[in-house]
């Protein structure tokens, strides 16, 4: 065992354990999550295409929704294909640089999504609280600037965080008890004092998660107050329907991420983290298109128009 351990320790690869402890259910899970993955890709691709094609959906709200779905497609493609492969193999080997790249892209795209959700909250805030000046404030130039800022911020913070984590020595074990190179799972393997790195992770997560989420909640405080001042029930219902989907998606997205990333290394629990990660990399992305389309008459109308024109 000692020579094997020595060779393993000196290797330049991580071993991704995935779901090797569920050997008898792996084929079942592979089929289930493959179907979910295809549904998710189809849902987000439909939103991207329909908001590009339909002339009724050329507004800032659908500009943000289209880009959110595009980011979500990239986000799940970074994680899910490798996860599906882990169901079919006992252990996956991944070069350290490959692991670092996966973590960087995952954090960058997730961070960009967090900032974009905050930008969408600002869009809804202006639309409901200051409707007469909406077209003057939320211009196409501002939308492009907010999108660029969201992406640049996500990728910059991700690069900083990934670099800090992979500068640590991994001299004891390279076995990651997860289905991808997630921050807590990799940080757990470091054999030096990681307190400074944990503080850096916490600060970056504050910038990516807590601050945008608090801004969203702050915006919705004003939005709800404005909706309650609307006299007609129809007006209140219409205003609420344009915001409910975004608020629900935000709570789901930030809730899972805050649970995983804003806590000390001592609280790391591999099996629990894998379950929560399965939810926010598979279940919630699949639900997002359903939430936006089922509660949105304009999206449903655009889908009907697309289907009618296709059948002619």
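Heads up, the Cβ atoms here are built off N, Cα and C, so glycines get one too.
Where the annotation comes from TrEMBL, it is an automatic prediction and has not been curated.
Since the structure is predicted, the reported quantities are computational estimates derived from the model, not experimental observations.
The annotation transmembrane segment is assigned in TrEMBL to 27-52, 64-88, 100-122, 142-168, 199-228, 240-263, 275-294. Annotation comment: TrEMBL describes 43-292 as domain 'G-protein coupled receptors family 1 profile'.
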Any contact, the transmembrane segment (64-88) to the transmembrane segment (275-294), with at least 3 Cβ pairs under 8 A: yes
Recorded stretch, among 100-122, 199-228, 240-263, 275-294, maximising Cβ pairs under 8 Å relative to the transmembrane segment (27-52): 275-294
Stretch of maximal Cβ-Cβ contact with the transmembrane segment (199-228) [cut-off: under 8 Å; candidates 100-122, 142-168, 240-263, 275-294]: 240-263
Within the predicted model, mean pLDDT of the domain 'G-protein coupled receptors family 1 profile' (43-292): 88
